[in-house]
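Some notes on the structure that comes next.
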C-alpha cells in the first residue's frame, strides 16, 4: 500500500516536471549570457525523455508517424549528405551539430515526448505563455542594454547595436497579439501598453525585414481572427507614420538612423550582384550537387570566386541573406526539395486546424505557430539567413498538439 502511494505521488510530479522543462526551454531560448543554464535545461530534458521512453517504449513511436516528423528526418539526412560533400567536413559537422543534432531534430524529438500525456488545451497554454515569457525576458534584457547605452550618451534608434534581437521579436510576436483575444478589458489595456513597448524595441532593431514580417503577421492575424476594427486602427496609424516620413523626405539622416531606414526604398544590395544575387550565381554553377553545409563553407566558396566577378558589391562574403538559398547552396537540389517538404508539412499541419475553422481564442496554438512560422521563415527568411534550429520549436509543439 505504501509503495503504491509513493509511486502515485511520483507520477503526479511527472507532468509538472515535464511542463516546467519545456516552458523553461522556450522562455530562456533567446536570452544571451546564460548558455550554461540553457544547456542544463536541455540535459535535463534529454535525461527525462530517455527515462520515460525506457519505461514505456512502445507508446512513443506513434507520436512520430506523420509528415511533420518525416520532413524533419528527411532534411536532417540530406544535411548529412551535405557534410559528406563539404570541402571542410569538420566545420560542416560542427554546424550540423549546432543546428540539427542539438537543434531542430532534438527539439522535435524532446517536446512531444515530454508533453505526451498532456491535452491539446494544456499544450496550447504552454505555447502561449512560454512565448510571452520569452518575449518579456528578451525585452527586459534588451532594456538593460538601452540603459547602458543611454548612460554612455547613445540614444535609441541611431545604431544597429540592437539589431540582434529582431529574430526573437519576429518569432514570438504572434503570442503578443493573442493577448488581445482575452475578453477582460483590463487585459486589453495591458495589451496596448505592451504593444507600445514592443513597438519601441522592434523599431530599435532598424531591421526592415523584421518590420515587414511583423506587419504581414499582424495583418494575417487580424484577418484570420476577424479583428476588423484593429485593421482600421492599424491602417490609420500606418498612414500617419507614412505622412510623417514623407514630410521629412528632404532631410538626409545618417544611414544608421531610424528615419533613414523608414525612408529607404532600395534593397540594401540584396539582389543584382548583392548578397542574394551572388548566392544565386553560385547556386547556378552547381545547382544539383551543392557545395557543403555551413557558413564557413559558403564564405570560403564566395571569397574564392569573387575575383572572377569584379561587379559583385561585396568583396568578402557576408552570407546569402536568404534561408532557402543557403540550404540550396549547401545541399543542392535535394536540400531545396527537403526544405520545401518541411515547409509544406508545417503549413499543412497548421492550416488543417487554422484555415478550415478559425477558433477565436488566445489559446489557438496552431494559428500562433503558423504565424510564427510565416513571419520568421517565410517573410524574414526571405531577407535574412535565419536560424534553422528554431523550426524545431514549431515542429515539436505541432507533434505535441497531435497527442490527444
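Cβ coordinates are placed from backbone N, Cα and C, and glycine is handled just like the others.
The transmembrane segment annotation in Swiss-Prot covers 16-32, 39-55, 67-84, 96-115, 127-147, 168-183, 189-221, 228-246, 324-343, 363-379, 385-401, and the record cites sequence analysis as its basis.
Within the same chain, the transmembrane segment (168-183) stays apart from the transmembrane segment (96-115): fewer than three Cβ pairs sit under 8 Å, each pair at least 6 residues apart. Touching of the transmembrane segment (127-147) and the transmembrane segment (363-379) is concluded from the presence of at least three CB pairs under 8 A, sequence neighbours closer than 6 excluded. Outside the transmembrane segment (189-221) by six or more residues, the chain places 135, 139, 142, 146, 156-157, 159-160, 162-163, 165-167, 169-170, 173-174, 176-177, 179-180, 182, 227, 231, 234, 256, 258, 261, 264, 268, 367, 371-372, 374-376, 379-380, 382-384 with a CB less than 8 A from a CB of the stretch. Contact count against the transmembrane segment (96-115) (Cβ pairs under 8 Å) is highest for 385-401, out of 39-55, 67-84, 324-343, 385-401. With a cut-off of 8 Å on Cβ pairs spaced 6 or more residues apart, the transmembrane segment (385-401) and the transmembrane segment (39-55) reach fewer than 3 such pairs and are scored as not touching. Between the transmembrane segment (324-343) and the stretches 39-55, 67-84, 363-379, the greatest number of Cβ pairs separated by less than 8 Å involves 67-84.
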